[in-house]
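Student: Annotation source TrEMBL lists active site, proton donor at 502. What TrEMBL lists as substrate binding site is 363, 364, 620, 621. The domain 'Glycoside hydrolase family 65 N-terminal' annotation in TrEMBL covers 15-266. Here TrEMBL flags 327-719 as domain 'Glycoside hydrolase family 65 central catalytic'.
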Ligand code: BGC
């Protein structure tokens, strides 16, 4: 662990400035409000160098779901890769004393440094004391926030104290010359995403820019207003390249503190005031910004919003080593998707709203959905809506590949088209390596699973009779069109796909990408087909009929779905272990001592040596084990029974051991999945994985992938493991199932959830799980504790023993 690092129950603290760790901290301590997202980069570096970062520093400012698709030439091919746009950097701020140099941390003698992320209040502070020149001591306190109360507002505030006062020059910048350059190996796909339409500045410290995407299809306006607490000379303005630079001077009396505040607002498209003259547009924005209330009120409203959000995801536990990471994970979940996101067109970003993976959307919401649906169902709807808005595109993708229904892309951005980069640059060999991971067709099943989780938690039938139902049926239809009947086996097969484990893209010695019968994919396809039928049974006839009519689902199709769902092939090895895909066991055995910490990336390392992970029985992340993660034991039993593989449930422990000995955990998702999957098989090992997964980003090495963005899927997954696997809270159609399976080390923990509009508290102490219904609930909750069903009345508490 980083020795400069410290935590309290609600704070992450760095007591030392460590340039080599800055990029990681910028991502870890990033602030967001579900609409805007700001990396925690130092404003003085933006302002004093008038450039965009360096190896140790990368300012990034993003609008959730705001992508650009400008084409680039990559490896000789023209490719339009969707990427979250790095917005103009409005936070540049520095100062100089008398005629001295502009302040930045590299040029002063630092005496004290403390950076604190307050998770409760959603603020980031830096407190520093340093010497400027041989004699001038300066104390600087910085506070920043991305307002949870005002979705378009960010504030940066500096309190500058120079004991003996003097003349201070303040420089405040707005840099529109930024590029997307956060991930070096993606440089060929990235670069400049915006072009400046116009700048505007005003004498009272206002600066604003209007910019557009390459094809002028979409516009963004960023305005910053710098306020000083003391009279200053008029702001001098200069445009340097694409950077607007404002400077003002004031006399700081001895013993007084100069307060500098930067209020920043961002508008896109329809939110930008309309005027043919961009100067007028920007001046209207600045005027609105100027009228925003003072910092104390902004902070108070912001903190009050956070307070309310925490109330909806309350969790108490005595263990500090659990409390802090789980709080950090909830914090980032709500920073990515918050009540401010309602009505916005945005999915669930794998790496938060930062540049990692181009800010794109994968399947990672599957790890967040059970938590979101039981705490913030309205936000879970936003995530489903993102998919629904792209259903037509998914239909088109299916048609183009010769299938029916909806084939969702593995990676998506704005349009919902497939956005997996066709080539990845291996930073070790500098080779362009083809990327076939878009063959991960299992993403569609994940979307169906998400919709179903939302239904189970809310009982919202209209979800099934409308958008959610359409998604599930069209995904089922896709699977039914993708399978092929194999007469020798008398079963349906799914060929040419890739499972969650991205180390296997193709069979050894072939150039044809894709593998046959990935067990996870096939079982999930069977589950989706059966779900489509269950859904139609569950809906009242008229709603089921209307849904089928809308989609043209025929009785014959339903018969097909039923048959396929019962006769999909699942590969099993000679000893009864479920095979990740057909032929996995024929690959070379893993090298005796491969590292299970995912470093260095094995696929890169082998590729650089002319070899491939495809050749080995090695997996990047949990694949078959995903089934144990997603489904409670009885449901998995039902699934395998439906498919006619029930006897292999007896080998599930051996199946788990087999894969655990072959995983590198290079994906951040892997350990959290293993924790959930093992909860009922091997509690101790599960706990070990869980604890490791809590430290994924907190203890990540400075030079690791977190520099590019947090690992939001793994963060959300840890909340899911605690709630669903350990406390055993599993919503089902009729009842809330309660099947606690806490590891021995987990005790004294409680959390609140919402199930079908009923607020419940769940508390674990001494292996007794107490479930209480809020007295304000308007109706009973149906609870199923293993085989016992009962009603929990408002105000009632029950105590259940953990088996
Ligand atoms: C994993 C995927 C995941 C993606 C984004 C990849 O490394 O293999 O399963 O969806 O990261 O988190």
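For all residues, glycine too, the Cβ spot is worked out from N, Cα and C.
Could you give the neighbours, burial and distances for every feature on this list?
Tutor: The Cβ of residue 502 (active site, proton donor) has 20 neighbouring Cβ atoms from other residues within 10 Å, across all protein chains displayed.
In sequence order, 410, 440, 442, 443, 446, 447 are the residues near residue 363 (substrate binding site), counting only same-chain partners six or more apart with C-beta under 8 A. The DSSP secondary structure for residue 363 (substrate binding site) is coil.
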Student: Between all pairs in 363, 364, 620, 621 (listed as substrate binders), what's the biggest Cα distance, rounded to the nearest Å?
Tutor: 16
Student: What are the other residues, in sequence order, whose C-beta lies within 8 angstroms of the center of the C-beta atoms of 363, 364, 620, 621 at the substrate site?
Tutor: 362, 500, 502, 667, 669, 670, 713
Student: Provide the number of Cβ atoms within 10 Å of the Cβ of residue 620 (substrate binding site), excluding the reference atom itself.
Tutor: 22
Student: Reduced to three states, what secondary structure does DSSP give residue 621 (substrate binding site)?
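Tutor: Assignment for residue 621 (substrate binding site) reads coil.
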Student: Hey, how far is residue 620 (substrate binding site) from residue 502 (active site, proton donor), Cα to Cα, in Å?
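Tutor: Per the Cα atoms, residue 620 (substrate binding site) and residue 502 (active site, proton donor) stand 6 Å apart.
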Student: Rounded to the nearest Å, what's the C-alpha distance separating residue 364 (substrate binding site) and residue 502 (active site, proton donor)? Just drop the number here, would you?
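Tutor: Here the two Cα atoms lie 14 Å apart.
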